[in-house]
Amino acid sequence: MCAGGVAINMSIWLSPAPPLILTHNRLSFLHSSSLPAAADYLKCTTRRILSAAKIRAVSTMANEEECPGNIKRQLAKIFEISLRETVPSESDEEPLVAACGGKFGDYQCNNAMGLFKKIKGKNTAFKSPNSVGQAIANNLPQSEMVESCSVAGPGFVNVVLSKAWLAKSIQKMLIDGIQTWAPKLSIKRAVVDFSSPNIAKEMHVGHLRSTIIGDSLARMLEFSNVEVLRRNHVGDWGTQFGMLIEFLFEEFPKWEDENDVPIQDLEKFYKQSKKRFDEDPAFKEKAQQAVVSLQGGEAKYRKAWTKICEVSRNEFQKVYQRLGVQLEEKGESFYNPYIPRVLEALDNKGLVEESEGARVIFVEGRNIPLIVVKRDGGYNYASTDLAALWYRLNEENAEWMIYVTDVGQHEHFEMVFDAGKRAGWLPSDDNTYPKATHVGFGLVLGDDGKRFRTRSSEVVRLVDLLDEAKNRGKAALIARGKEEVWTNEELEQTAEAVSYGAVKYADLKNNRLTNYTFNFDQMLNDRGNTAVYLLYAHARICSIIRKSGKDVEELKKVGEIALDHSDERALALHLLQFSEVVEEAGANLLPNVLCEYLYNLSECFTKFYTNCPVVGSSQETSRLLLCEATALVMRKCFHLLGITPVYKI
């Protein structure tokens, strides 16, 4: 079921060459009984059935490992036994198991129709897809998971899960921890390349999507016990540093004597230096000479470059700290020394050709080649990315490399990956490992449907956006009277958790490929599918547990869960689908799948709490344990989305 990794031998060993200047920055974000018809049964299957085939193809799940928290995979194991017994001739048939809406069962096995097409006319005793489905159901081995099984329409095998098994599984998680529900992947190491701002420029709203999507994907992989190398491929090398260095020399003549270069506004500093470069020929000439001096490794220029980079890094880190994002920088300057010999190796394979004065790699199916050396002999974006791809495969031994940038860069990365395949670095089959994947995302729009900008048409600085979110969130808490009952520290921490969480969730809940409209009023609303609503729902669950006065840790050891009410059972089933949802979200690199699950979990809990009294009821212990399980799963969802939970409101 899972694609196994393949070993790609990298026979060449590359050592760094002297640094050469790049002329492009890394990223540019500005761009059986009587039953209804078969169709009714198809409708009961959730949207996850639509991506089941894709998940099987791209999932890195190690099928020899037991998956105690994954219903779909556990059911697949017993259906696999039945399929081998039912149709021995089709030994490669994989179980097609999907959750459904609950009207006809909890899960379905949907192999019968496909199997019948394969065996029809092959001297088979089966007369219809339904008869195949009946045989699959009859050959299903006994399992404590399954309470009942039925066949409908053209062979849909519907499974109702045992309440006792559901209860037992949740109790086991409460004792052993939610980590036991983590997907188990066959890969060991992945690179997630995200955020990637440019030195001497402010991080803006365009960087928000890359930063929080990349962080969420990294968290899902880390939860799945994959070592994730979180890479920040900053734009810290290129011809623009000539003008920046010369402008530094003019503005701060004694910069070498200062511990900190007093650049207060990076964006302003960059614009002023660019203006001088464009308008002053003498300055332009000095800036061009500064590029040569920097390229040649002259100490004064190297030191100035380092100072400018430090100022930017300090500003970037303030944003990352507020967002709770961890990154390790390996920017353009890091990969630059590897470019010459990487290109030499590609040239030796006959991949690099001359074209109109430039050196290029032709990629099958593309109208334009991948330019790796420009006409003037300079390197570019593609040169760096090929060097980075080689480094990640050979030096970092990554099995999956994930690049999180805007959708406008999709073709570029596909061409880089195709070049890697031509070179033999990557397998031609995208479903085997190692592999590289581009994760694209759409634009952030304003209420006018255009790119989100300030009133003066400037790009929105990310730090200003976060300040505004926090101020609004804090004001809402004060309006609720929290300033009177909370300490200032509690107020500040809750305002940050709710506000930053609201900004993240408003982005992540959308399919990343689409544009979305940035609206503070909507994202900070405490009703509907927002982080504020979900965080408050979690806080209410914690409040219920506190008000009971019971020691939940002790209840986990001695209490038992009973699922006698339909809403108790529905909540338990939804909780147990957490693992397969995380697997789906990770396999398809879509955090919105997890957001949808989290919101539905909150709705499921609300229905349970409305109809099933907890504190003081005869089922208090069981229902408190369900409350605790819900809170645990919600907290893990928050963590995977990079959101800090709140425990009281």
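The backbone N, Cα and C atoms fix where each Cβ goes, and this holds for glycine too.
Some features that TrEMBL has for this protein:
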{"type": "DOMAIN", "residues": "73-161", "note": "domain 'Arginyl tRNA synthetase N-terminal'"}
{"type": "DOMAIN", "residues": "534-649", "note": "domain 'DALR anticodon binding'"}
Predicted model, mean pLDDT over the domain 'DALR anticodon binding' (534-649): 97
Counts of helix, strand and coil residues, the domain 'DALR anticodon binding' (534-649), according to DSSP: 86 helix, 0 strand, 30 coil
Residues in the domain 'Arginyl tRNA synthetase N-terminal' (73-161) grouped by DSSP into helix, strand and remaining coil: 32 helix, 20 strand, 37 coil
